[in-house]
Amino acid sequence: MGLSLKWLLAAQRYERSNQASKVISTQFLRFAAVGAAGFFVDAATLSVLLATGVNVYISRIFSFLCAVTFTWLYNRRYTFLSAAACRPSVGEWGRFTLVSSSGGAVNMVLYVILVSWGDPFAQFPILALAIGSAAGLCLNFLGSRLFVFNRKKSRCTNN
């Protein structure tokens, strides 16, 4: 009897961890898709602002903020479903912006290091961009999951 109970408990733990893995995988894919859409928001906003004569750096700041706001809204609605139960807050947006900025910084630092390192990255900087982007994506996902949209640490008091 004791052995079968151990097997049952082990099977339940496995099932829970398997379900958690599926949730995380689904969240990561949704997060990446929202991020890709956010890139287009960023690029479109930047293009419009530049076409209207706004300074290249000012345009970039505004396009980044538009992309961050877009991805925050869509991630809270489609990626991290528990966040959708709460009304959006300035604090949550601020945490998301901080996490996104951190991921962007890691992306840029890796890009600079790899391109400075030499070939093949100096010859093909897109490789450095891809590695930096992947690292930034992972950091942003973990930060969003643990720091911004963490259900256990939810600051949702406005249901």
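Keep in mind that glycine also has a Cβ here, set from the backbone N, Cα and C atoms.
Taken from TrEMBL, the feature transmembrane segment covers 28-51 (among others).
Feature annotation from TrEMBL assigns domain 'GtrA/DPMS transmembrane' to 30-149.
Feature annotation from TrEMBL assigns transmembrane segment to 57-75 (among others). Non-local neighbours of the transmembrane segment (57-75) in the same chain are 30-31, 34-35, 37-39, 41-43, 45-46, 49-50, 83, 88, 92-93, 96-97, 100, 104, 144, 149; each lies 6+ residues outside the stretch with a CB under 8 Å from one of its CB atoms.
Beyond the ends of the transmembrane segment (96-118), by six or more residues, the same chain brings 64-65, 68, 71-72, 75, 125, 127-129, 131-133, 135-137, 139-140, 143-144, 147-148 to within a C-beta distance below 8 angstroms of the stretch. Look at TrEMBL and you will find 96-118 (among others) tagged as transmembrane segment.
Under 8 Å from some Cβ of the transmembrane segment (124-143) lie the Cβ atoms of residues 27-28, 31-32, 35, 99-100, 102-104, 106-111, 114-115, all in the same chain and six or more residues away from its ends. Per TrEMBL, the feature transmembrane segment maps to 124-143 (among others).
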Number of helical, extended and coil residues in the domain 'GtrA/DPMS transmembrane' (30-149), per DSSP: 103 helix, 0 strand, 17 coil
